[in-house]
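*Asks:* A single structure is presented below for examination.
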Amino acid sequence: MEQLKFYKYHGTGNDFVIIDNRDSYFNISDRELISFICHRRFGVGADGFMLLENSPEHAFYMRYYNSDGNESTMCGNGGRCIVKFACDLGMVKENEIFTFDAIDGIHHALVKPDIINLKMLDVNGIEKVADGYFLNTGSPHFVCYTENLEQTDVVSAGRAIRNNSYFGKAGTNVNFVEKCGDSSIMVRTYERGVEDETWSCGTGCVASVLTNFFIHGGGTEYSIKVKGGALTVRFSAQDKGVYNNIWLEGPAKFVFSGNINVQ
Ligand SMILES: N[C@H](CCC[C@H](N)C(=O)O)C(=O)O
């Protein structure tokens, strides 16, 4: 029986299986194997799966898959976890900014003890859609406000919006936001490709913060409370709806490693 070495990380409760694929051994189109590994009863269990691959000009290439086995767009918490993994492998050092490559482009990252800082790609435009807002922060996000976030039925309300024909075949992630203070919000997210609520969504938190600023103005640093902990987002505002120098900061934890039997 063949065994596969894997590493389990989480970023504020958004959890991932990561494989060091610098030898290109893993078949990048094996959807079935990836969804099996992410299965919470038959496999290891995770919201997402990542391959750390070689990159000719950067520290590594991050290949991200949702738990449905499909390769997908940028994952903010996954990006922070694979940065921590690269540091744990000795590929990069703490307190030194480095770059890695991903599906949406080149990211800068900085590892500090227990805190990972990840630079996200620029955001150009926020669209008003029905009672919410739509923007792309590396992944597509719909953002709407709710008075009573704790009681919101994120799964059924989120699933309906995620599958709304307005967002086409690709669909969208769905974020429900409650304002807490001038520079703090609470966010719960229904994630495309996981097809469930996750305990944190990095690109979703960035989308929620930028939408909040787009509507209410204010400062350019926010703390975001999520089910699995807290994140910080900092950014620079250019024109209305145009933001750059966007950093997503928070913990990324190694949980365990092991070998999984694969047929
Ligand atoms: N499910 C998302 C990707 C992961 C986003 C989330 N886990 C994050 O931390 O940004 C999508 O397919 O658009």
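Each position is counted from 1, following the chain as shown.
Including glycine, each Cβ sits where the backbone N, Cα and C put it.
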*Asks:* Could you look at ASN14, ASN124, ASN259 and say which one TrEMBL places alongside ASN66, GLY76, ASN77, ASN173, GLU191, ARG192, GLY202, THR203 in the substrate site?
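*Replies:* The candidate from ASN14, ASN124, ASN259 that TrEMBL ties to substrate along with ASN66, GLY76, ASN77, ASN173, GLU191, ARG192, GLY202, THR203 is ASN14.
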*Asks:* Rounded to the nearest angstrom, how far is the Cα of CYS75 (active site, proton donor) from the Cα of ASN14 (substrate binding site)?
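*Replies:* Cα to Cα, ASN14 (substrate binding site) and CYS75 (active site, proton donor) are separated by 10 Å.
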*Asks:* For the C-alpha pair, I'd like the distance in angstrom between ASN173 (substrate binding site) and CYS75 (active site, proton donor), rounded off.
*Replies:* 11
*Asks:* How many neighbouring Cβ atoms, not counting its own, are there within 10 Å of the Cβ of THR203 (substrate binding site)?
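*Replies:* Looking across every protein chain shown, the total is 29.
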*Asks:* Which residues in the same chain, at least 6 apart in sequence, have a Cβ under 8 Å from the Cβ of CYS201 (active site, proton acceptor)?
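*Replies:* Within the chain, CYS201 (active site, proton acceptor) has Cβ neighbours under 8 Å at ASN14, GLY76, ASN77, ASN173, ASN175, VAL187, THR189, GLU191, VAL226.
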*Asks:* Let me know how many other Cβ atoms fall within 10 Å of the Cβ of GLY76 (substrate binding site).
*Replies:* 28
